[in-house]
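Colleague: Structure incoming, see below.
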């Protein structure tokens, strides 16, 4: 197995099970799971310059611009030069993908294709703990106490944009923005697409793909 550091990216619309797949990849293969959403929350909490910039957009329910997200992620990646990593939530746009190209070569991109009806059902069952970003699903990882975060005991909320009428708009927006990113990685021969309605059925194929690139740190597939 090559000793080269693995640079991987996961793409998928909201509700596609990206978070679950990332956790399993991190667990099984020892990759650092680098989530743009997590870094945004950390920077906003720490009142960093980039956090303050992002906060102005988030408070007005606007998308954080490419230049802000790119600046944030570049500094995080700079700190992890010697690690295998998996990017989640970045690059979302062609501009972000081009910025990433300047600092490294992506080896592997996985794109999750989940039917619209499945996404709609999943998101309508999704509740979150905003301060930490923890996500619960009433079907497959419900909180111990309904409506309450397991760790802090604080209330969970359902985001406005997880409600069915907003899901269609979010999915359209994701497809429009992600299409050129998907095409870019497809043209380079590093894109692997996985389709299905159940993460547990998609996972064995993802596991096999990664096993061909990097030695698993666990001998069995951890769920």
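Cβ from N, Cα, C; glycine included.
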Colleague: Using TrEMBL as the reference, determine which range in 5-34, 35-64 is annotated region 'NMPbind'.
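Modeller: Going through 5-34, 35-64 one by one, TrEMBL flags 35-64 as region 'NMPbind'.
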Colleague: Quick test of your reading of TrEMBL: among 87-124, 125-162, where does it put region 'LID'?
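Modeller: The range carrying the region 'LID' annotation in TrEMBL is 125-162.
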Colleague: How many Å lie between the Cα of residue 19 (ribonucleoside 5'-triphosphate binding site) and the Cα of residue 64 (AMP binding site)?
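Modeller: Spelling it out, the Cα of residue 19 (ribonucleoside 5'-triphosphate binding site) and the Cα of residue 64 (AMP binding site) are 20 Å apart.
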Colleague: Can you work out the mean pLDDT of the predicted model over the domain 'Adenylate kinase active site lid' (126-161)?
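Modeller: Averaged over the domain 'Adenylate kinase active site lid' (126-161), per-residue pLDDT gives 89.
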Colleague: Expressed to the nearest Å, what is the distance separating residue 15 (ribonucleoside 5'-triphosphate binding site) and residue 64 (AMP binding site) at their Cα atoms?
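Modeller: With distance taken Cα to Cα, residue 64 (AMP binding site) is 20 Å from residue 15 (ribonucleoside 5'-triphosphate binding site).
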Colleague: Long-range neighbours only, meaning 6 or more apart in sequence with Cβ under 8 Å: which ones does residue 136 (ribonucleoside 5'-triphosphate binding site) have?
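Modeller: Correct list: 126, 127, 128, 129, 142, 143, 156.
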